[in-house]
Amino acid sequence: MSDKKGVPARELPETPSWAVAVVFAAMVLVSVLMEHGLHKLGHWFQHRHKKALWEALEKMKAELMLVGFISLLLIVTQDPIIAKICISEDAADVMWPCKRGTEGRKPSKYVDYCPEGKVALMSTGSLHQLHVFIFVLAVFHVTYSVITIALSRLKMRTWKKWETETTSLEYQFANDPARFRFTHQTSFVKRHLGLSSTPGIRWVVAFFRQFFRSVTKVDYLTLRAGFINAHLSQNSKFDFHKYIKRSMEDDFKVVVGISLPLWGVAILTLFLDINGVGTLIWISFIPLVILLCVGTKLEMIIMEMALEIQDRASVIKGAPVVEPSNKFFWFHRPDWVLFFIHLTLFQNAFQMAHFVWTVATPGLKKCYHTQIGLSIMKVVVGLALQFLCSYMTFPLYALVTQMGSNMKRSIFDEQTSKALTNWRNTAKEKKKVRDTDMLMAQMIGDATPSRGSSPMPSRGSSPVHLLHKGMGRSDDPQSAPTSPRTQQEARDMYPVVVAHPVHRLNPNDRRRSASSSALEADIPSADFSFSQG
């Protein structure tokens, strides 16, 4: 191997030891600083009781570890295995991503390894470039995920003041439950009437509304009242804003990861990267189309709930109340919206990573960026898409997805969730023990033979029962008072079911006994300790 000037490159035995030590120390220092920084960040999340963000950070570490495994696998297998795989020249001359150069195919390190008429599947140089692309993709995906949660939290800060107003006297007076109003005169219904009620124009209004005032104060307060009315008591002092933040942090755990279907999308994109097809051009606009459809659908859900209030009654008492339901979402599945947002973010990160990789890699810039204007447009669309998804669509999703039929687990804080989990686990253990005892008692009862089927002593003539009979006979001179220890030893020696006297219960006692048995799985009070320790 030689450099550009034709001078042979020095291998490791010809490299000064101080140079090797300096480079190695730099790599170790940077890696240790990164690991220490992630550890400190996780400790800060735990100290601030940000369990969802801590779990997202752990998932991010797992993704980076996966990328490390892929890199290690490529490094270990590129020379002895992959570069020595030979394919026919006909198979190697189809589906090229770039135009064929006039210089011909560059010689591979293992060009002499393959027989005549065959070439290497991938050269060591192309494997190294693929290695770099996978690393750049992981970095961009993690970076875009962090930007998404940061801009979403910044957007939701504007909703905090609306939540604070719900405790004021002005809000309670404006939402007096004894006040009658016409439905079409309420602010929420009035905002979504007019052109918004026309079937053909509603989608157009919803499309443009996601860019300008996607969530207003009246929308937030109305959806908040509908959620509390459906899942909590009507006069509850519930912090809806805090609940949305926890719910969004739980969804962030999904967004930050790269699932197997997303890896499949990346593989399919690379497979369709063929010269003349323009796959990377038209596929770069797919995330934008998906995101605009998602934002339009979320705005349509708010409109449909407003129109449902209008159709339900012409006069309402108190504030207008929406009814959460899964029927407003695609296929009655609110979680599908999160999947499309996740797909959009990953595909956008893939496009930006591919752009940076092709620009920074020698030899690829002329291949992928022959049209500078189109490349610049792709970058602008990608940045605008990231801002739109992070600052508008994702916060809108966090609010509107609460209008499903079921509330999310983030309705409880960390201490309450832990207490409920302990209660459930304890109840399961007690039920398992109770079922086991009943099964053992049934097995012992079934194992007791009948009177005429076995020469063994019957239940009434067992030594334990004979002992009880002997104790009850005062005229037997041989009988003596038996100590409790002797009775216990006899019971241990002959483990049979002892008949207990039957007590008849009146109806009141039966009801009391049934209620006490229903509460048999008692939970220790320590499980419901809400201390911050």
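The backbone N, Cα and C atoms fix where each Cβ goes, and this holds for glycine too.
Note that the structure is predicted; figures quoted are calculated from it, not measured.
Annotation source Swiss-Prot lists topological domain 'Extracellular' at 1-17, 84-131, 357-379. The transmembrane segment annotation in Swiss-Prot covers 18-38, 63-83, 132-152, 252-272, 274-294, 336-356, 380-400. As annotated by Swiss-Prot, topological domain 'Cytoplasmic' applies to 39-62, 153-251, 295-335, 401-533, with the evidence given as sequence analysis. Residues or ranges marked as region 'Calmodulin-binding' by Swiss-Prot: 414-435. Sequence annotations record features per position, and here Swiss-Prot assigns region 'Disordered' to 446-533. The feature compositional bias 'Low complexity' is assigned by Swiss-Prot to 449-463. The compositional bias 'Polar residues' annotation in Swiss-Prot covers 477-487.
Against the transmembrane segment (132-152), the recorded stretches 18-38, 63-83, 252-272, 274-294, 380-400 differ in Cβ pairs under 8 Å, and the greatest number is found for 380-400. Sorting the topological domain 'Cytoplasmic' (39-62) by DSSP state (H, G, I as helix; E, B as strand; all else coil) yields 21 helix, 0 strand, 3 coil. Helix, strand and coil content of the topological domain 'Cytoplasmic' (295-335), in residues and according to DSSP, is 25 helix, 3 strand, 13 coil. Same-chain neighbours of the topological domain 'Extracellular' (357-379): 97-99, 129, 132-133, 136, 280-281, 284, 351, counting only residues six or more beyond its ends whose CB sits under 8 Å from a CB of the stretch. Tertiary neighbourhood of the topological domain 'Cytoplasmic' (295-335): same-chain residues 174-184, 186, 188-189, 191-193, 196-197, 202-203, 205-207, 209-210, 214, 219, 221-223, 225-227, 229-231, 388, 392-393, 396-397, 400-406, selected by CB-CB distance under 8 Å and a gap of 6+ residues from either end. Here the topological domain 'Cytoplasmic' (153-251) is broken down by DSSP into helix, strand and coil counts: 69 helix, 3 strand, 27 coil. Counting residues 6+ beyond its ends, the transmembrane segment (63-83) has Cβ neighbours under 8 Å at 108-110, 120-124, 127-128, 130-131, 134-135, 138, 141-142, 256-258 in the same chain. Per-class residue totals from DSSP over the topological domain 'Extracellular' (357-379), listed helix then strand then coil: 16 helix, 0 strand, 7 coil.
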